[in-house]
Every structure is written in C-alpha cells, then in structure tokens.
Amino acid sequence: MAYHPAYTETMSMGGGSSHGGGQQYVPFATSSGSLRVELLHGNLDIWVKEAKHLPNMDGFHNRLGGMLSGLGRKKVEGEKSSKITSDPYVTVSISGAVIGRTFVISNSENPVWMQHFDVPVAHSAAEVHFVVKDSDIIGSQIMGAVGIPTEQLCSGNRIEGLFPILNSSGKPCKQGAVLGLSIQYTPMERMRLYQMGVGSGNECVGVPGTYFPLRKGGRVTLYQDAHVDDGTLPSVHLDGGIQYRHGKCWEDMADAIRQARRLIYITGWSVFHPVRLVRRTNDPTEGTLGELLKVKSQEGVRVLVLVWDDPTSRSLLGFKTQGVMNTSDEETRRFFKHSSVQVLLCPRSGGKGHSFIKKSEVGTIYTHHQKTVIVDAEAAQNRRKIVAFVGGLDLCNGRFDTPKHPLFRTLKTLHKDDFHNPNFVTTADDGPREPWHDLHSKIDGPAAYDVLANFEERWMKASKPRGIGKLKSSSDDSLLRIDRIPDIVGLSEASSANDNDPESWHVQVFRSIDSSSVKGFPKDPKEATGRNLLCGKNILIDMSIHAAYVKAIRSAQHFIYIENQYFLGSSFNWDSNKDLGANNLIPMEIALKIANKIRAREKFAAYIVIPMWPEGAPTSNPIQRILYWQHKTMQMMYQTIYKALVEVGLDSQFEPQDFLNFFCLGTREVPVGTVSVYNSPRKPPQPNANANAAQVQALKSRRFMIYVHSKGMVVDDEFVLIGSANINQRSLEGTRDTEIAMGGYQPHYSWAMKGSRPHGQIFGYRMSLWAEHLGFLEQGFEEPENMECVRRVRQLSELNWRQYAAEEVTEMSGHLLKYPVQVDRTGKVSSLPGCETFPDLGGKIIGSFLALQENLTI
C-alpha cells in the first residue's frame, strides 16, 4: 500500500488558500498499483460539485459540538432536518500541499458546493487528492479521499464525474459515498495570459481574479531608501531625453502630510512618534512625525493611525514592558493620548471559527505588517484627490538611510537619536549602526483609492466594539465619508479621467489578509468566489500578492530582479523537509522559468538580493532555522536549473550560476582621515572596556551588512511590484501576517508597445538600484539577461565579498556582495571554503536544522 504525503491536517496550519492551506497526510492509498510522477506546471481548473451518501461522523464530537454551538462557526446550512450529522468540506491537495478548500456545509450527508478553483501549480506528483472531511469545533476528521492520477491530467482532457470516496481499507467510506468533481490541467505554454510579457500594452488586464482590479491612469513615484541626496548617484537616461529623477521618500511623505487638508491615515507594523522625516543639516525647524501629526489634527485634518499591537508590550498601571519586537506601540499610543490624533493598537486576532490553539498562534506569532500613508492632495479645479504611499518602510527608528549606507560617520549627525542595531549589543557612541536598504512607492491615481479602501476595511474591523463595549449604541464615525465630501474626487471620477499621457501608469493593489482583519468581506462563504476571495476553514482570504508574483514571473520574458528580506518557499519540492508547509510557489516558479528558457535556448537571468542574515543574532536558533530553509530553497532552485542544462546537453558549456545568482549587501568604512587600517596616519577608535566579543570584532573590522528590508521585484524593466510582503509563508499565505503591495507598469514603456527594450521609469529605477549597489554603471547593465552581464555582475560581487572579508580594512565603493555560499557546476550549494560562518558575529551561513515543528520561521 502506497503512503501518500497528503493528509492529516496539521492544527498549526490555518486557512485554506491556494498554496497556503498547510500540509495534510492520509495514511492510505487512493489508487491501486504504482503511479507515475508528473510535473504539473500551469493551472488546474477545478469544480468541487457535490457529495452523496456521506457517513455521519458525529459521535462524541456531535455532543461536544452541541455544547459549544454558541461559538458560532461560519457555515452554510445544509439539509433542513433536526438530525445532527456531519459538517463536510473538501480540501484539494498536490504534493502534500493544500491548494484549495471548500466552505463547510453544516449538517449534511448530501452537500452541494458547486465551488470553482483556478489554481496555479508547479508541483511534481502522482495524484491530485480530494479529501472529504468533517469539520468539528476541535479539528476535523477524514471521511475519505479521491485521487486523480496526474498522468491522466497531462492528456489535457477534462476529467469529471462521480468518484467513490475511499477510506483506509481502499473501499468506499460508506456504501454509495461519492464525490462529484471536475478537473482539467492546462500547461503553462498553452496559456495565452503568460505569453505576452508582463506589461502587455493598453489591453492588459493585470492580474485576473483579484479583489482589487487593475486601475488605469495616474502616476507612480518609485523610491530607493528613505532618502537620496542630489548628485550622489550616477545619471540614468530614459527614452525621450528624460533623466531619471531619484525620489526623496520621507521628504515627499512629510510634504504630503503638511499639505493634507482633509485626512491623514497611517498603517504600520511600527510607527514611532519621535522619528524625523526630514533631516537637513542644522535645520531646527524640522520637527518630529508626532509633532507634525498633532499640528495637522489641530488644523482640523482627520488623523488616524493604525498600528500593530505587539502582544509582548504592555502599559498597565504605570508599569511598562518594551516588547520583544521593540515596535514602541505603547509609547506612540501614550504620546497621542490627549490629542485629536486617533491611534488604534490593533492585535493580530484569529477568526471567529478558529480553534483556541489556532487563535493563540495567530495572536502570538503573526503581525499586522502593512505600511501605508494615505492623504488628500491638491487636484484640478481647486478640488482634492487621494494619494497613497505603499512599501517596506515603517515610520520608525532605524529606517532612515541613504544609498551611501554609513556605519559610523553619521552617528552624531543624521542618525543622532536614531541608532539601531539589534544584531548584537553595542551603543550609539561606538557603533556600528545597522545600515538599512528599502523600497517604497507613491501612487497618485485611481489605485490610491484601493489603498484607502484597505485602510477603511481594517479600521472598521479594529474599531468594532468588543466585550462590554458592545453595549454602547454609537458606532465608530472616525472615518471620513469621502463620497459625502464634494471637493474630494471620488474613485469613479478618478477612474474615468482620460489619460493619454505616455508617462501614465496602470496600477493594481494586492494584499495578504483574511476576514478576521477586515470588515466588508461577505458573510456568506458562497459569495467568496464572486469577490475573488478564497475559502479557508471558517475564514475568507485575499492572497493576491502571491497571485501577483506568480503571474509576473510566469509572464517574464527576459529577466527577474528581486530584493527581499526573506527568500524561502516551495518546500514541497525540496529534497527533504517537504512537509514544512512553506508552500508558496515563487522559488519554484523562478526555477522553472529559467529551466524552460534553457530548453528553448533563450536568454534569461534572475538576480536575487537578500540580507546577509535575517535581523538578530545569526547564531540564534530561529535565525539558524530560517537560514537552513533558505539554503534548502536555493538548493532546490539550482538543482532544477542543472537538470534542464543536462537535459539539453549544455551542462558542460554553462553552469546554474550563469542563470541564477543570490547576493547580499555589505560595507566597511575606514576611520575619517585614513586610507586603510593597515596604512593609517592615526590610531583607529578603540572599543570601550565593557564591549562584547561581537562588538570588539565589528569595531576592529569596521564592517557590517547593509540590511536588505526591501520587498520588491522588477521584471523585464517593464513591471514593478513593491510592498510590505516578504517571500515566505508568513507574508504570502493570507492567514498569517497582513500585507499590502502595488504592482504597476507604464503601458507606453512595455516590450509589447515598443517592440524593443523599454527605457521608462521602471528601467531607470532598476538601473538606479544597481548604481547604488555596484557604485557605478556600465552599458552592459542595461541588458541583464545577457550572459556577459550575469558574469560581470557576479565577478564584481565576488571582488566586493573578498574586500569585505579581508583582514585589511579599506573603503568600499560597491556594496553588492556575492552571497557567501559555494554553488558547484551541478547545482550543489554548500559552505564557502574557509568561510563557513558569518564574519565577526558567527553563525553557520547555510543554517542548522532543528527538528521543531513551528510556524514562526517560515
């Protein structure tokens, strides 16, 4: 009897979203004989229609459920009968990863779902499994399963009908028990959606099947770091004789807040009131964020701040607890307490239908991670419009930085009162600070109204009275009704603007969020599909950020450039730990994109920039686990590429790193007035007597990583995606951390429109980022897919790594470092000889496996 890695649903995995529904194991076969494993890379079109003659699974669970019926689970009522019986639902799974889940139908042995799924897949498997389960207050029970062989699906024909629901003995779980379903596989190469590139001219529909549609018209400003001083980066020339303009993110935010007349809405993982957005030398007039918001609220502007409530920080009866994550949420709340600025500390709460265990996990481990600033701004004819900032920058300490990313030189100037380095114990007097690299954006156009809608949905949920507060009759009226304010341009008006300007953008807003964090999702789960939401168990999910990444990667024709704080996923295809539950498709999609291009003998390259290690002590258990998952992800991708090279006989001519490379950022800084520490006219600063070993090493080597906090991707120089979401399960599942992102392109600057490489704002942005990281620009960088460019960038990054790791301290002009692992010609990823641990701080670079089932690090 074959053992199928697909089915006892783990309690720790919530939701039922595609590539986010967790792992399941069923210890019985759903087919007789051995089946061939096939790679399914494309989409599955699935209908789960109905089941007939299901068993009554409710015994003890039935009686317990009756006692706990007041807990209120969102279900669809089934048979109108006093009989208490099973509460069935169906999960759809491949390679052990749940890719779809129906809603629960209460008290029915003949449920009718008629639920549709259109699911992207990139899995190697012998079967697609449909598991029929009985939902209970405490977990669920498997009734039986149906297996559809992938070999049959590869024929391309639709498979449909009534299929026996088999139990562990290989027989129907009850006489006549059947599941009505329909399933058809369409391979990637036959899907027109992915053949035309990412920004396919004026007719592009964006990412289909998402909560927010593609909005046409408007402007986008792209930012690298919180600030860029004029003249510090090389010039980048765009089409039409335009020179790329480097935005000043925090200064633009400060200006937008100052000029607001009606509303300022802010969301953050952390918002810290003493932060100074504008830092010009010797300018005492530039106040703090908190002071600025108070002034605006006194002017009559509605100022609402929605911040994650860190459960480990408390302020009770004068006793204060800082909190593990140092978000300063309680401090910010206290600062605004007696002002007209309204601050809501919003806990990450589990859904109504979640078990106690699941609710505890959600509230303790997961966060509200969105970072947005929404304001009204000047529009034509003396009216106002909505403008929104979206990206990776929280308005808190440690985030202000420039492309120079200093370690020591700004401790008494730009970073006075803003010292941040949580990786080891050090001080603002000694340093080094942790340099911070991030990506952000400003949306001026109809898509900004979707960012506003997200804020309103979250605020209404967070401000909903709880407990004794429910007795109050008044409802929250903090949100402005902009549809009742004539001088504010509405969404329909903003969308109908005829914008033929060649510099205009098409923009779409994406999220990772579920119905426990927003108000406005339908109450009836049957309506979920119509709103492009996915069903979890007793919850509705928007996981459109994941959908946006998959669509953009599949549509890529030339190259992918990613900067992200984390990079792990597609664990279903790892060589071990396949059941981890990091089921997002992004790493596998990139690897398969490269493999397909190799088979087609077409140029393609992927560049991925990540931090040297996740923030914190690199020797600690959580960070060692994350590094281990990252290593498994890299290994899987390189092995996939190597197999493609072997398949077409190019493995002696090329190696996997000719197509895929990982980088990190780092810098070192000699003392002022010196050339290097070995050739110094004066003695370098010495650590104080109480310095710890890591601090002593860092002060001696005068080096540190530049922390990559970015969450962005550029595809083919025509499409950009920027937001708050990391490339890990926490950010992409939709039932874990809440996230928001924007994806956009300029239709007049696309390959489809121009017939050649576009040189619009996105090209300028990517080149500007490369100029920051490499210290200069070359003409070859304009074509990242070319082998010469791939090898040149890798060569420069290897030289930079050697300079970073050397004993001699020298000033670094380039910051892009080859990620310090060795990748051989067969795609095997191992420790770099002589550099198994991180310089100065230690910790294995490829991480350590610790056998502990948890969701914190994935």
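Even glycines carry a Cβ here, placed using N, Cα and C.
Keep in mind that this is a model prediction, so the values were computed, not measured.
Listed in Swiss-Prot:
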DOMAIN    27-163  domain 'C2'
BINDING   D225, H405, H437, E772  Ca(2+) binding site
DOMAIN    364-399  domain 'PLD phosphodiesterase 1'
ACT_SITE  H369  active site
ACT_SITE  K371  active site
ACT_SITE  D376  active site
MOD_RES   S680  phosphoserine
ACT_SITE  H709  active site
ACT_SITE  K711  active site
ACT_SITE  D716  active site
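Distribution of Swiss-Prot features across the structure.
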residue	record	contacts (Cβ under 8 Å, 6+ apart)
D225	Ca(2+) binding site	C249, D401, T402, P403, W436, H437, D438, E772
H369	active site	W269, W308, S724, A725, S731, D737, T738, E739
K371	active site	T267, G268, W269, V390, G391, G392, L393, D394, L395, S724, I740
D376	active site	A260, R261, R262, L263, R384, K385, I386, V387, I488
H405	Ca(2+) binding site	P435, W436, H437, L665, T667, I706, H815
H709	active site	G392, L393, R399, W436, H437, D438, Q565, P611
K711	active site	G391, G392, L439, E563, N564, Q565, I722, G723, S724, A725, N726, I727, S731, A741
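In sequence order, Q224, D401, T402, P403, K404, P435, W436, D438, L665, I706, H773, H815 are the same-chain residues whose CB sits within 8 A of the CB centroid of D225, H405, H437, E772, the residues recorded for Ca(2+) being left out. Here the domain 'C2' (27-163) has, by DSSP, the following mix of helix, strand and coil residues: 15 helix, 69 strand, 53 coil. In the three-state DSSP reading, H405 (Ca(2+) binding site) counts as coil.
DSSP assigns D376 (active site) to a strand segment in the three-state reduction.
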